[in-house]
Amino acid sequence: MIDDIGEPEECRLKDPMDLFHSGQVVKICAPMVRYSKLAFRTLVRKYSCDLCYTPMIVAADFVRSAKARDSEFTTNKGDHPLIVQFAAKESQVLCDAARIICPFADGIDLNCGCPQRWAISEGYGACLINKPELVKDMVRHVRNQIDNPKFSVSIKIRIHEDLKRTVDLCQKAEAAGVSWITVHGRSIEERHQPVHYDAIKIIKQSMSIPIVANGDIKTLKDAENVHHLTEADGIMVARGLLANPAMFAGYEETPFQCIQDWVDIALEHGTPFTCFHHHLMYMMERITSKQEKKVFNVLSSTSAVLDYLNDHYGL
């Protein structure tokens, strides 16, 4: 679970709420299936990312199986502040997962936004926005059972067609002690439609806790615009950071130094080849020609990728 243990974990933990009290917009790396793992979190932290989430972990599996814990979650002393995102549908299961993770992370997030069919059919993810009492109960249970007052409990949601229902959900979560709420400004049915930033602003104006805006933010300029449109306290980015992990540091496209940093970090962490290669494909999307992509995207070993980067870019 832990990559390098020296000092006690508790000494390294941070209070994520300090970020929201800093007066600056908090720059956040979203939970992404397969992608927002330790090596990638290490990379974006080098480039002005303030707060990182793990990929979504199914709480019941995490509680039940040591094997699941070891494969789903790794961290190290530089990996803070860190939020572990769980899929859960039962209060006690979420509490048990939070208790296990508490010594190693700075907070948990309950996924109430994943629109994938498998998640919804299992009672996870976005279907929870239609169960405000359950969400409230889960937040309250974790609050009551975790002794550390600095340990954050947040939720990530999508919006309803009727925004009054979303505001009601958020207010119930706030009453239960939620630390902040991330709002992906689309409904469960919407995929590539424009994000409803106006809805995020209404939610922000209805709450007294921090609100994080999420959806279609590809550049630092986008992040600034969305902050201006929504008045959100934080900006969460997914695909924009995959394409350009240095985005929050103000780079328009991935700098070669960032690609070099990814190679160094990924090799140091023993990142599986497919993940190592996929990240590079995303990062180099905007800076390689069609012909170069054809060659690079079918490379099938770490040594082939390293040779290619050395021959073409001197990396």
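Cβ from N, Cα, C; glycine included.
Some features that TrEMBL has for this protein:
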- CYS114: active site, proton donor (ACT_SITE)
- PRO31, MET32, VAL33, GLN85, HIS184, ALA238, ARG239: FMN binding site (BINDING)
- 29-292: domain 'DUS-like FMN-binding' (DOMAIN)
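Rounded to a whole number, the distance between the Cα atoms of the residue listed as 'active site, proton donor' and VAL33 (FMN binding site) is 11 Å. Neighbours of ARG239 (FMN binding site), defined as other CB atoms within 10 A of its CB across all chains, total 14. Largest Cα to Cα distance within the recorded FMN binders PRO31, MET32, VAL33, GLN85, HIS184, ALA238, ARG239: about 17 Å as a whole number. In this structure the C-alpha atoms belonging to MET32 (FMN binding site) and the residue listed as 'active site, proton donor' are separated by 11 Å. Of all the recorded positions listed (MET32, VAL33, CYS114, ALA238), VAL33 has the fewest other CB atoms within 10 A of its CB. Cα to Cα, ALA238 (FMN binding site) and CYS114 (active site, proton donor) are separated by 13 Å.
For PRO31 (FMN binding site), the same-chain residues that are 6 or more apart in sequence and have a Cβ closer than 8 Å to its Cβ are TYR53, THR54, PRO55, MET56, GLN85, ASP109, ASN111, LYS156. A sphere of 10 angstroms centred on the C-beta of HIS184 (FMN binding site) encloses 26 other C-beta atoms. Around the Cβ of GLN85 (FMN binding site), 25 further Cβ atoms fall within 10 Å across all displayed protein chains. Along the domain 'DUS-like FMN-binding' (29-292), the predicted structure has mean pLDDT 97.
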